[in-house]
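Trainee: Structure in structure tokens, see below.
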Amino acid sequence: MERLQGLLLWLLLSPSVVWASRGPLRPLCRPVNATLAAENEFCPVCITFTTSICAGYCPSMVRVLPAALPPVPQPVCTYRELRFASVRLPGCPPGVDPIVSFPVALSCRCGPCRLSSSDCGGPRTQPMTCDLPHLPGLLLF
């Protein structure tokens, strides 16, 4: 009987193992281009710019049966290596710093979410937009 249960378990799992080995249905964690908005409440315009961010699927596990154990931490797609770039907001009055710095993803990894450096929320239904009048283009340096 034990042998039969083992065979049944193998038959149930083997098609999913073969299917799963063909690759994930979602793109894995990697740098992707994204358009972001930069503004300062003291400057008259908002600008958008394109940078690399980390995005994609990270394999995770969820307990099927309720347990007294704490939940399994879910990994998120986050920076492995990054550099910082800056944009200059035009039209800022004297005494207001017109420079906005932002991270540029060079490589990514799946790991724990660090709220100090990442937005660990899920995908947004609305893109981040400007509250101020929008000035297209970018001034990177």
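Cβ coordinates come from backbone N, Cα and C, glycine included.
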Trainee: Which one is it, CYS58, CYS92, CYS120, CYS130, that Swiss-Prot ties to CYS110 with a disulfide?
Mentor: CYS58
Trainee: Candidates are CYS43, CYS46, CYS54. Which one does Swiss-Prot pair with CYS130 through a disulfide bond?
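Mentor: Here Swiss-Prot pairs CYS130 with CYS46 via a disulfide bond.
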Trainee: Going by Swiss-Prot, which one of CYS29, CYS77, CYS92, CYS108 is joined to CYS43 by a disulfide bond?
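Mentor: Among CYS29, CYS77, CYS92, CYS108, the record in Swiss-Prot lists CYS92 as the disulfide partner of CYS43.
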Trainee: For CYS113 (disulfide bond), identify the closest of the disulfide-bonded residues CYS29, CYS43, CYS46, CYS77, CYS130, judging by Cα separation.
Mentor: CYS77
Trainee: Can you name the residues of this chain that are 6 or more positions from CYS130 (disulfide bond) yet have a C-beta less than 8 Å from its C-beta?
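Mentor: Counting only residues 6 or more apart in sequence, the Cβ neighbours of CYS130 (disulfide bond) under 8 Å are ALA37, GLU39, CYS46, THR48.
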Trainee: Would you mind pulling the DSSP three-state label for ASN33 (N-linked glycosylation site)?
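Mentor: Reduced to three states, the DSSP call for ASN33 (N-linked glycosylation site) is strand.
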Trainee: Given the recorded positions ASN33, CYS43, CYS92, tell me which ones have a C-alpha lying within 10 Å of the C-alpha of CYS77 (disulfide bond).
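Mentor: Taking ASN33, CYS43, CYS92 one by one, none has a Cα falling within 10 Å of CYS77 (disulfide bond).
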